[in-house]
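Shown next, in structure tokens, is the structure this report addresses.
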Amino acid sequence: MMKNRVSNIHFVGIGGVGMSGIAEVLHNLGFKVSGSDQARNAATEHLSSLGIQVYPGHTAEHVNGADVVVASTAVKKENPEVVAALERQIPVIPRALMLAELMRFRDGIAIAGTHGKTTTTSLTASILGAAGLDPTFVIGGKLNAAGTNARLGKGEYIVAEADESDASFLHLTPIMSVVTNIDEDHMDTYGHSVEKLHQAFIDFIHRMPFYGKAFLCVDSEHVRAILPKVSKPYATYGLDDTADIYATDIENVGAQMKFTVHVQMKGHEQGSFEVVLNMPGRHNVLNALAAIGVALEVGASVEAIQKGLLGFEGVGRRFQKYGDIKLPNGGTALLVDDYGHHPVEMAATLAAARGAYPEKRLVLAFQPHRYTRTRDLFEDFTKVLNTVDALVLTEVYAAGEEPVAAADSRALARAIRVLGKLEPIYCENVADLPQMLMNVLQDGDVVLNMGAGSINRVPSALLELSKQI
């Protein structure tokens, strides 16, 4: 067991959302945890408050005494801490391998898929908590009810996201897995081959033991395509009545979704029950169905499922409502923040906003994430961005990439302008975006701040400007 051989664990890039969660759980398990990061953020401050040593910047001395070094995927091989660890024959492992080790301490439930992982993981943790199962969880966003993205529970289960972006989910050995959907994203990891992408998800499902169970969303075309090749036990879920778990009578009730769940899963009591999900969007109905499937498999009651969904307080940056902000013109606008950065998830979130606030003007502030994604999905981006009532685009968040010709926000603005419906506003510097939005917004608007990069700082800046009015 790792606990007999490893005492000191050092994280390089500990401030990342996936890294910080694992570090916190290991700390609470009794390991001595340290870490380093170039920049302080809310995650590093939280870890420091727990007594974890977090170093600013990277130097070789930081790995002194470490038994193992966990490196974020964003950390390069030339990092002085990685170099020093290798020179001293200290194992250097990716985040997913350490997550796999955590699954040796608990029964693992791994949530994979191109979109919806964070929400589905959070909903699963919420229901298992309501069922009294006290799960451990590691989530790619802050669970609002817990105030953190990770927690060590006393129960037998660990619920965690499984990251397909770098194929690291193939390190995991869960007893249950979920595939929310499969889309053509991070295709450089798979040699731009859909067949290799499909095979990776099949291999992920097959990481389960023979007694495991997968929950697969048949509303996803790519998931349907892999079903004939899946040899481990699985159940399907979706909006079609051929699925083992499906939903009908879906209704928007303000910012909630009310629907009927039908269960025709082998080995389970057949029947139906009503639930209210405390978040908007048909895509979140699918995410809830996945969580319901897992919950039923571990023995949670219908009452616990209903309680966990109705009492769900959301997760950071997933349709996160900040409330009304004051505007210079004397009115107010509702501020919502979201991590969406792929056209498919953006379309789902925008549809959720329309469903929740059908009478309001929808203003979108968007920062594209990566030039390559903008290039590869350029037409899809122009289509989805053209569905809002007003649009402010800030420049692409590079995420370490070099600029790509005709794949920036200016190019997107030009393409949308040609379609004739919108006159996009271009804001080159994201730091200028809050003030620009204050000038654009009208009384009664819903402003959706969206993107996976530095645009995450905009809500706090808008709230600060609102206080000054």
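Backbone N, Cα and C define each Cβ position, glycine as well.
Keep in mind it's a predicted model, so treat the numbers as computed, not measured.
The following features are taken from Swiss-Prot:
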| type | residues | note |
| --- | --- | --- |
| BINDING | Gly113, Thr114, His115, Gly116, Lys117, Thr118, Thr119 | ATP binding site |
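Features as recorded by Swiss-Prot, highlighted on the structure.
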residue: Gly113; record: ATP binding site; contacts (Cβ under 8 Å, 6+ apart): Thr120, Glu164, Val178, Val179, Thr180, Asn181, Ile182, Cys217, Ser220
residue: Thr114; record: ATP binding site; contacts (Cβ under 8 Å, 6+ apart): Glu164, Thr180, Asn181, Ile182, Asp183, Asp185, His342, Val344
residue: His115; record: ATP binding site; contacts (Cβ under 8 Å, 6+ apart): Thr180, Asn181, Asp183, His283, His342, Val344, Glu345, Ala348
residue: Gly116; record: ATP binding site; contacts (Cβ under 8 Å, 6+ apart): Thr180, Asn181, His283, Asn284, Leu286, Asn287, Ala290, Glu345
residue: Lys117; record: ATP binding site; contacts (Cβ under 8 Å, 6+ apart): Ile111, Gly140, Glu161, Ala162, Asp163, Thr180
residue: Thr118; record: ATP binding site; contacts (Cβ under 8 Å, 6+ apart): Ile139, Gly140, Gly141, Glu161, Val315, Arg318, Tyr339
residue: Thr119; record: ATP binding site; contacts (Cβ under 8 Å, 6+ apart): Met279, Asn284, Asn287, Val315, Arg318
Shell list (ATP; ref centroid = CB of Gly113, Thr114, His115, Gly116, Lys117, Thr118, Thr119; cutoff 8 A):
Ile111, Thr120, Thr180, Asn181, Asn287, Glu345
